[in-house]
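K.L.:
Features from Swiss-Prot:
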ACT_SITE  216  active site
BINDING   150, 151, 180  NAD(+) binding site
COILED    22-94  coiled coil
DOMAIN    141-275  domain 'TIR'
């Protein structure tokens, strides 16, 4: 195994470890928020309640910061993985060219030399296939669009948008349509995040309150910044500019479709056109 192959395996192992650590945090953050909310609703909180509230608030800030730090770390390691993949492909290409050059110089070669060349070629092909298999472990699926939303908005809007996009021939990642019994929901969600061309972010009051939705949004935001092209397609539903700015100022500058201005059919058509144009 070459130095680059070893490096790639090490980077991918580190990436998977960071992803596992990130996966644990949204649920922990949600539990802390609910605990804080329960205490805040008490009309006459006890001194014990107040101490618990202070402790929970500190833990919440710590875990939110940890999640943000892991997101940055994950983006960096993914960038390094892409660079290593490119360098590995170049290395393999150089090796193949060397083999081709040797074959050209030995058109009259003897059996021993030819056997050696063929053996080397087989070894390179085998290594190439092993690396491709390892690299593609996270690329098993490919979706045109990921629907990031709160489950509370699914029935009225999201499922209808999903069905109409599928009718247009697009491959859509909607949780209820891709989750399989017995499989990890978190791993499936992460695969969708990593392997979707675009994400439709259905911004609503429910979305803003959801810890999982925030995790999805931050993951796609890091992808958009790192990959330097548009990935996030926002839809506003019963939210104001102030609501969106408070959630994340990055979204305010993005042109968004508002459900008060566009029908479901119009929203679907505009999403479809963006995806189709990106493939041309």
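From the backbone N, Cα and C atoms, a Cβ is placed for every residue, glycine too.
Just tell me what is around each of these and how deep it sits.
P.N.:
In three-state terms derived from DSSP, residue 216 (active site) belongs to a helical segment. For residue 216 (active site), applying a Cβ distance below 8 Å and a minimum sequence separation of six or more within one chain yields 146, 148, 189, 193, 199.
Listed in sequence order, 175 are the same-chain residues six or more apart from residue 151 (NAD(+) binding site) with CB atoms under 8 A from its CB.
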K.L.:
Secondary structure at residue 150 (NAD(+) binding site) (DSSP, helix/strand/coil)?
P.N.:
coil
K.L.:
Within the domain 'TIR' (141-275), how many residues are helix, strand or coil going by DSSP?
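P.N.:
Taking the domain 'TIR' (141-275) as a whole: 75 helix, 23 strand, 37 coil.
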